[in-house]
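Undergrad: Quick one: the structure is below, questions incoming.
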Amino acid sequence: MSDDKHSSEHVSFDEEKADVTHIDLANNVQARIQNPLRGIPRPKLMKQVEHFVHEKGLQDKVDLFKRAAVLAQNPNDFETQPDLSEEEKEHIRRETTHRWHQSKSMYMTIIICSIAAAVQGWDQTGSNGANLSFPQVFNLDSDPGNPRADLNQWIVGIINAGPYIASSLIGCWLTDPLNYYLGRRGTLFWCGIFCTLSVIGSGLAQTWPQLFVCRLLLGLGMGPKATTSPVFAAENVPANIRGGLVMSWQMWTAFGIFLGFCANLALEGAGSIAWRLELGSAFLPAVPLTLGIYFCPESPRWYMKKNRYLDAFKSFCRLRNSEIQAARDMYYVHCQLEEEFAVLKGTTYFSRFFDLFTVPRIRRATLASFVVMIAQQMCGINIIAFYSSTIFVNAGYSAKQALLASWGFGLVNFLFALPAVWTIDTFGRRNLLLFTFPNMAWTLLAAGFCFYIPGSSAAKVPLIALFVFLFAAFYSPGEGPVPFTYSAEVFPLTHREMGMSWAVATCLFWASVLSITFPRLLGAFGATGAFGFYAGLNVIAFIMIFFLLPETKQRTLEELDYVFAVPTRKHASYQLTTFLPYWIQRYVFFRKVELEPLYHFDEVVSYTTPEKGAGH
């Protein structure tokens, strides 16, 4: 795109809005977030609505959409708008006073996405308990006297990494075409099939190559599921509770991990087939996912992307408490998408992929999602999720005691994810990460040093378990829920499937690297060295997040176009020269100082509360 089209302010593509200036979505150097309807005279707005309803086949709703357009243009003044009925005004009021009062269809969407997350978690932990027995069954044990110990450690790591290898290299990249042809619901149905049959196959495997192939097939379901479920949830819920509900992906992944540990513990006494049952039991939550997905409404934004506006309106009506809310959200999204499509025109699969790294607004979202996703592997959570039983056995526990300690880890991981339902939309995504990463670093380091305690001491293993549990307690409300919530938000609709594919592929690729390398890392460095290595990575991740991760809380998906149009250099400079000195003055020297805001909001929708200190 030529430079003259990327001036800091330019005239909108719509001739009827020719006198209204808009912010450049490629290079928002002014850091302004603007309502796309701002400044349009009422007669022009009414004319645009009439054109919209006739073009989209919604002629019988023209009066509704006129009221909705005025409401979307002036969201803070709804009490004074005479065209709105008292019943409609009450629905708008309740968005603030009763923000968790939502439609049954909206919550059904969240339930199904939560089940998809539980499948993800259970799939991860089935191998955790199975690691204690399947290597012996397939002659892959790594006892110190075994001359093949080093090779067997690599093979066990590769088997465990199978789903993540397939997801990162193939599964995630199927998301774009699957969503294009099947929609969000059809994609999740595909995932449910693969997540059901492949784990049953894992439990029936007779050789380690057969087990490895089944684990690879599992990745073809895990990848599109991890990519599509958060996007599906993010597109269906209102902005003011989006973080709290989309983060249910991680909360229920944590619950799935806990259920997997429960299954491992319950099946520990099943003898030689225990590992088969531990791997195969993960099909249980995949069945209701496969059957329940078609009881949910399809994403209205997906329908709008397909120019199926009548279906989109029906979907919005199912997802909102009233028609006025559905029409307001639909028209607001439509106007913002017109701006978005005019600048960000990913037309083919490969052009959308290359746009992730070449279009400035999308490139910044790509970088931010990369940072938050790779940080999830850098923090070290999956060395516990994948190998906790092995770690506790090495520390001196019996197999049953190790499974019980792993169960405790799973319980802590789930329980401490619950507060994030509220804090992620109030405290914010970025602040949660900046608070929890330093705490994850010291708890992981402390757990590693506890391995120096003599084995004769009764305090050794309980202390290791204590610091591992504290680590999980700090992980669960921070780096646990944020990555998938954040990545599902930050990409424009034109590139949302491709962007989420990139983000999840990043996460799962590095998960596969961790899974492959940790058995050998543990053998070479010992537990203290391995834990210390990941504690250091926590510090590096903290620095990356501080400079490269914009806040996204309580902004609509379309308003985030403006956030990510702010140059990375400007954002990083603000953190170093404005926010950091403010934080030191405020929280180190306890001085009352004001923080100069980075973003400025111009008449954005009322149910997205401006960040503290932000001016209109």
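Just so it is clear, glycine is given a Cβ too, placed from its N, Cα and C backbone atoms.
Residues or ranges marked as region 'Disordered' by TrEMBL: 76-98. The compositional bias 'Basic and acidic residues' annotation in TrEMBL covers 88-98. According to TrEMBL, the feature transmembrane segment maps to 105-122, 154-175, 187-208, 249-267, 367-387, 407-425, 432-455, 461-478, 499-518, 524-549. Positions annotated as domain 'Major facilitator superfamily (MFS) profile' by TrEMBL: 109-553.
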Undergrad: Using Cβ atoms and a strict cutoff of less than 8 Å, what residues sit near the transmembrane segment (154-175) while being 6 or more residues removed from its termini?
TA: 123, 127, 131, 135, 140, 142, 187, 208, 211-212, 214-224, 226-228, 386, 497-498, 500-502, 504-506, 508-509, 511-513, 515-520
Undergrad: Report yes or no: does the transmembrane segment (105-122) come within contact of the transmembrane segment (249-267), defined as 3 or more CB pairs under 8 Å with a sequence separation of 6 or more?
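TA: Output yes: the transmembrane segment (105-122) sits against the transmembrane segment (249-267).
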Undergrad: Would you mind listing the long-range same-chain contacts of the transmembrane segment (249-267), meaning Cβ under 8 Å and 6+ residues beyond its ends?
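TA: For the transmembrane segment (249-267), the sequence-distant neighbours (Cβ-Cβ under 8 Å, at least 6 residues beyond its ends) are 113-126, 128-130, 229-230, 233, 274, 277-278, 281-282, 285, 385, 389, 400, 403-404, 406-407, 409-411, 413-414, 417-418, 420-421, 476, 480-485.
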Undergrad: Residue counts in helix (H, G, I), strand (E, B) and coil for the compositional bias 'Basic and acidic residues' (88-98), per DSSP?
TA: 10 helix, 0 strand, 1 coil
Undergrad: Tell me, roughly as an integer, the mean pLDDT over the domain 'Major facilitator superfamily (MFS) profile' (109-553).
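TA: Averaged over the domain 'Major facilitator superfamily (MFS) profile' (109-553), the predicted model reaches a pLDDT of 86.
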Undergrad: For the transmembrane segment (524-549), I need the partner stretch with the highest count of C-beta pairs below 8 angstroms, choosing only from 367-387, 461-478, 499-518.
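TA: Comparing 367-387, 461-478, 499-518: 367-387 has the most Cβ pairs near the transmembrane segment (524-549).
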Undergrad: Counting only residues 6 or more past its boundaries, what in the same chain has a CB within less than 8 Å of a CB in the transmembrane segment (499-518)?
TA: 154, 157-158, 160-161, 163-165, 167-169, 171-173, 175-176, 219, 222-223, 226-228, 230-231, 356, 362, 365-366, 369-370, 372-374, 376-378, 382-383, 386-387, 483-484, 487-488, 490-491, 530
Undergrad: Taking a Cβ cut-off under 8 Å, which residues six or more beyond the ends of the transmembrane segment (367-387) line up next to it in the same chain?
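TA: Distant contacts of the transmembrane segment (367-387): 124-125, 127-128, 131, 160, 257, 409, 413, 433, 437, 440, 444, 468, 471-472, 475, 479-480, 482-483, 486-487, 490-491, 499-500, 502-504, 506-507, 510-511, 513-515, 518-519, 522, 530-531, 534-535, 537-538, 540-541, 544-545, 548-550, 564, 568.
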